[in-house]
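Visitor: As annotated by Swiss-Prot, domain 'Radical SAM core' applies to 5-233, with the evidence given as sequence analysis. Summarising the annotation, Swiss-Prot assigns GTP binding site to ARG14, LYS68, THR96, LYS157, ARG253, VAL254, ARG255 and lists sequence analysis as the type of evidence. Residues or ranges marked as [4Fe-4S] cluster 1 binding site by Swiss-Prot on the basis of sequence analysis: CYS21, CYS25, CYS28. Taken from Swiss-Prot, the feature S-adenosyl-L-methionine binding site covers TYR27, GLY72, SER120. Residues or ranges marked as [4Fe-4S] cluster 2 binding site in Swiss-Prot (evidence: sequence analysis): CYS248, CYS251, CYS265.
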Amino acid sequence: MLEDEFGREVSGVRVSLTDRCNFDCVYCHNEGLGDTRGPMDPQDDEMSTDDVVRFLEVVSQFDIGKVKFTGGEPMLRDDLTEIIRRTPSSMEVSMTTNGTFLPGRAGALREAGLERVNVSQDALDPDEFAEITKSGAYDRVLEGVEAAVDAGLAPVKLNMVVFEHTAEYVEDMVNHVSENAGLQLQLIEYMPELTGHPEWNIDIQRVHDWLADIADRVETREMHDRNRYFVGDGMVEIVDPVENPTFCANCHRVRVTHEGYLKGCLNRNDDLRSMGEMTREEIRETFRETVANRVPYYGEYLIKENDEWVLNDKYLDAPTTHS
C-alpha cells in the first residue's frame, strides 16, 4: 500500500464518472471542481468504460481496497453496470447517487457487484427538498432509498448537507434513521470555500454537541478519526472537513475526475495529473507521484497564523500540473 510523506496510506479511490446531473443542488461543489455541471447528454471528455476499468486494475496492485463511484450523477452513465461488473473483485464498491434512478435498477447493480450506496436526501420536507435540489423528485428519491434497501444494499447511508437551508431538519432526519434499521445518516458540513455563500454556514460543533447528548452510545471511526453516534436503530456521523487538520491528517483517498485527472486533495486543483492516453505503466507511475505529493490541506498546505488560515510559504511556487 502506498503512503505519502506524512504517513497517510491510500486505501481507496473516489472516481467521478460524469459531471452531468439531473439535480442542481445549491451547495454542490462537483467533487471540489466548483460549479461545472455539464449538459445532460453524454460527453466525449468522460472517461470510457475501458479507461475506468484500466485505472482500477492498475491501482488494485497497490492494495487499493475500496472504490466509490460519484458524479455528477453516476447513474446517468449507461455503462455503469458494466463498470461495476468489471471492477477488480478485490475492491469494495460503493456509490453516491441522488437515488432517482435506483427504482428498477438497484437489483441489477447489486448483482453486478455494488455493495453500498449513499443517497443524497437533504430534507424530509418536499418543498424544501425542491428548493435545495431544484427538482421535484422528492418521492422518487424515497422510492430509490426503498429500492436500495430491498436490493440488499443496506444499510443505505443518507447524505445531508447541513447549512442554513437544512439545519431545522436535522432532528427530523436523525429521528427518521433512528426508526429505520436499514438506514444511516451522514451529516456533511457545508463548504463555503468551494461553493460560496459563507452566510449559509452554521457551527457544526453545535450538531456534534447535540448528538452527543441524545446518543445511546458514541464510537470513534478510525478513518478520519470520526465519531459515530448511535441513536435508536440508526447511526449518525458528521463529515466536517472545513478547517479541520484532524480530518486531513486521516485522509486515505485519491480522487479521479470524470475527465481522467488524478486529484490528490478535494480542496486543491493545482495538483491535477491527467492520465490521458497513458499506458498501464504510466498510470502506475503517475498514481505513485500523486500519492507521494499529497499533503494535508489544513495543517500543512494551509497553516494557522494569527487565527487565520494562510498558504504555507513552501507551496507558493508549487508547479501547476494539469497535463
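For all residues, glycine too, the Cβ spot is worked out from N, Cα and C.
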Visitor: Using a 10 Å radius around its CB, how many other CB atoms surround CYS25 ([4Fe-4S] cluster 1 binding site)?
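Guide: By my count, 18.
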Visitor: Return the member of ARG14, LYS68, SER120 nearest to CYS251 ([4Fe-4S] cluster 2 binding site) in space, with distance defined Cα to Cα and candidates limited to these binding-site residues.
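Guide: So, spelling it out, the nearest of the binding-site residues is ARG14.
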Visitor: Please work out the number of neighbouring Cβ atoms within 10 Å of the Cβ of THR96 (GTP binding site), leaving out its own Cβ.
Guide: 23
Visitor: For VAL254 (GTP binding site) and CYS265 ([4Fe-4S] cluster 2 binding site), determine the Cα separation and express it in whole Å.
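Guide: Given the Cα positions, VAL254 (GTP binding site) is 7 Å from CYS265 ([4Fe-4S] cluster 2 binding site).
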Visitor: Rounded to the nearest angstrom, how far is the Cα of ARG14 (GTP binding site) from the Cα of GLY72 (S-adenosyl-L-methionine binding site)?
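Guide: Rounded to the nearest whole number, the Cα-Cα distance is 13 Å.
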Visitor: Out of LYS157, CYS248, CYS265, give those binding-site residues positioned within 10 angstroms of SER120 (S-adenosyl-L-methionine binding site), comparing C-alpha atoms, in sequence order.
Guide: LYS157
Visitor: Fill in the CA-CA distance, CYS248 ([4Fe-4S] cluster 2 binding site) to CYS21 ([4Fe-4S] cluster 1 binding site), as an integer in Å.
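Guide: Rounded to the nearest whole number, the Cα-Cα distance is 28 Å.
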Visitor: In the structure shown, with every protein chain counted, which of the binding-site residues CYS21, CYS28, CYS248, CYS251 has the densest set of Cβ atoms within 10 angstroms of its Cβ?
Guide: CYS248
Visitor: Check the Cα distances from ARG255 (GTP binding site) to each of the binding-site residues CYS21, CYS25, TYR27, CYS28, CYS265 and keep only the ones within 10 Å.
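Guide: Qualifying among CYS21, CYS25, TYR27, CYS28, CYS265: CYS265.
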